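Note sheet for the following structure.
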């Protein structure tokens, strides 16, 4: 296995996008570093996809490695940060595994995209395989313009548009598959608030969109696609 070099910065340090000194550690994976150093801020630059647990939360970081200049860091509890520049496609954040239909998700932070990006509650189910997004904010591209509209509903102080799209032979939690995406897109963008996820599950069901009965991970996520930006978020 190829040995990767990762950087670890102390919790009290300024995030690694500054010139603050860091300790360099050799490890074969992000998971190994989390196990060896659970109480530090983890920073990963241009890293391969990885999942695991950190400070009591599940995390996921996926990238297509298409020239990605992406820095992903994790702090205490549910805190995580991204900075990216001229990235390929990436998505990641912190949350839970498995997810569930009744979770109330609280989050706060800052989100500053330049180009195509989403801030969303994000996850997967199986049987059937479904990728879902509750988009709380986005950059230059509104996903509601590229999917089939199934109506709208009100939750947590805003109207959300319901959408569905199909991805053909694309990456998934089960490898390359064809699957549907369910979307709720908030009209009033925000970077802090509460998502009552059951409201979205019910609205999707009423629109004929049924999630699978096997829950995989469920996270607050930042996604970027050939864009730049920064985000620092905490999920609770």
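For all residues, glycine too, the Cβ spot is worked out from N, Cα and C.
Note that this is a predicted model, so its numbers are computed, not measured.
According to DSSP, residue 131 (active site, nucleophile) is assigned to a strand segment. For 131, the entry in Swiss-Prot reads active site, nucleophile.
Under the heading domain 'GH11', Swiss-Prot lists 46-236.
Marked as N-linked glycosylation site by Swiss-Prot on the basis of sequence analysis: 39 (among others).
For residue 106 (N-linked glycosylation site), applying a Cβ distance below 8 Å and a minimum sequence separation of six or more within one chain yields 193, 194, 235, 236. Sequence annotations record features per position, and here Swiss-Prot assigns N-linked glycosylation site to 106 (among others) based on sequence analysis.
The signal peptide annotation in Swiss-Prot covers 1-45 and is backed by sequence analysis.
The predicted model assigns the domain 'GH11' (46-236) a mean pLDDT of 96.
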